[in-house]
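One structure below.
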Amino acid sequence: MSDTETLSSQDIIARAKQYVIGNYTRYPVALVRGEGSWVWDAEGNRYLDFFPGWGCGIIGHCPPRVVAAVQDQVATLIHVPNTWYTEPQTLLAEALSERTGWGGQSFFCNSGTEANEAAIKLARLNGKPKGKYKIVTMTNSFHGRTYGSLTATAQPKYHAGVEPMLPGFVYAPHGDLDAVAKLIDNETAAILLEPIQGEGGVNLPPNGYLEGLRELCDRHSMLLMLDEVQTGMGRTGKWFAHQHWNIVPDVITLAKAVAGGIALGAVIAKPEVAAKLVPGTHAATFGGNPVASVAALATIATFDEENLLERATQVGERFQAHFTALKAECPLIQEIRVKGAMIGLQLSVDGSPIVEACLKRGLLINCTHKTVIRLLPAVNIESQQIDDGCAILREVLLAHSV
Ligand SMILES: Cc1ncc(COP(=O)(O)O)c(C=O)c1O
């Protein structure tokens, strides 16, 4: 193929099937360009994207400040290893720390699963002097696909066929504080959970749950570690979702949206916990590289300059209003779960045909946990786009209700 060759969707799909390992279920569409909440396929068809980048496109496709920052950085310094200091990584760590409000220090990597691996190591390093190594996680959680994060992911379907899993994990039913308390013994080092479960179906924590977990951690000298890979970076209307509740975690993990679509993961830990990651204990060659770091700084600047935390809340309210009206006429909708631009529609039926029908009408959405329509729209999505997409979803859901 020459540099200028343009393939049709059909060609791209045929060649992908031959050369790319088939571990993903893909829709028969090849996307070539994106701008804000729009994406285009190889034939020039335009789609409205309510799920940009699987949660990574928090300020839409190709956000201008991120594009400019990356273009400038790749022409200046692409990569140096972490044996050197760089300004972008330092400024990013400072910006994230300021936004935690509890003096967090960062370790950088490239993805959510890597961030959780680092958090798991941190929990073990922190617990080691007291003989603590066990970690409690919650049913229907999702923490990633590498072995530590996968073991933390308390869903048997993801473990099937690749056992044995990593030792030292115990699972509690999500939302059940007493069940967590019963699992704790003097070897328990940490509790790890998503403040709002994403892949598990946009499950909000019950009242008092996160506060109760914090108390348990204090009482038993354990770390409270929050996986904010999906909920963090302004998604829910606060920089980090835990800031909606009256708790301070010991560790949070980030990825997805943090660099506006460029790969970057982070662990942010309280300084006294972070101190356990001494030289030799952990590393990531590409972690916090200059390109990803400037992309993250540009993402943060976009939030600040365009008041996007507030906008995330408004986006959630607009979706909530549409779906509340729709629930009254659509018996398929059992429950609406919204926190800012993180939206779940609990259906009484399999959501996959809904996703496919929306795709045919030019709307990209997601279905998770079989029966939950999940939307992670860009926080700078226009009100008109929300209205237009919700109109499509309404038509599709009503058509499937009969
Ligand atoms: C809460 C949460 N943690 C971790 C991950 C894994 O992130 P990654 O795919 O970047 O490894 C995901 C991905 O969906 C996630 O939603």
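Our numbering is plain: 1 for the first residue shown, then up by one each step along the chain.
From the backbone N, Cα and C atoms, a Cβ is placed for every residue, glycine too.
All TrEMBL annotations are machine predictions without curation.
As given in TrEMBL:
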BINDING   Gly112, Thr113, Phe142, Asp227, Glu228, Val229, Gln230, Thr285  pyridoxal 5'-phosphate binding site
BINDING   Arg145  N(2)-acetyl-L-ornithine binding site
MOD_RES   Lys256  N6-(pyridoxal phosphate)lysine
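In this view, the densest Cβ surroundings among the recorded positions Arg145, Lys256 belong to Lys256, judged by other Cβ atoms lying within 10 Å. Pairwise Cα distances among Gly112, Thr113, Phe142, Asp227, Glu228, Val229, Gln230, Thr285, the recorded pyridoxal 5'-phosphate-binding residues, top out at 25 Å.
Listed in sequence order, His143, Gly144, Ser149, Asp227, Val229, Gln230, Thr253, Leu254, Ala255, Lys256, Gly265 are the same-chain residues at least 6 apart in sequence whose CB falls under 8 Å from the CB of Gly112 (pyridoxal 5'-phosphate binding site). Annotation for Phe142 (pyridoxal 5'-phosphate binding site): same-chain Cβ neighbours under 8 Å, separated by at least 6 residues, are Thr153, Gln155, Glu194, Gln197, Gly198, Glu199, Gly200. Under the three-state DSSP scheme, Gly112 (pyridoxal 5'-phosphate binding site) falls in the helix class. Listed in sequence order, the binding-site residues among Phe142, Glu228, Gln230 whose CB lies under 6 angstroms from an atom of ligand 1 come out as Phe142, Gln230. If you check the binding-site residues Thr113, Glu228, Thr285 against the residue listed as 'N(2)-acetyl-L-ornithine binding site', the ones with a Cα inside 10 Å of its Cα are Thr113. Counting neighbouring Cβ atoms within 10 Å of each of the binding-site residues (Thr113, Gln230, Thr285), the lowest count belongs to Thr285.
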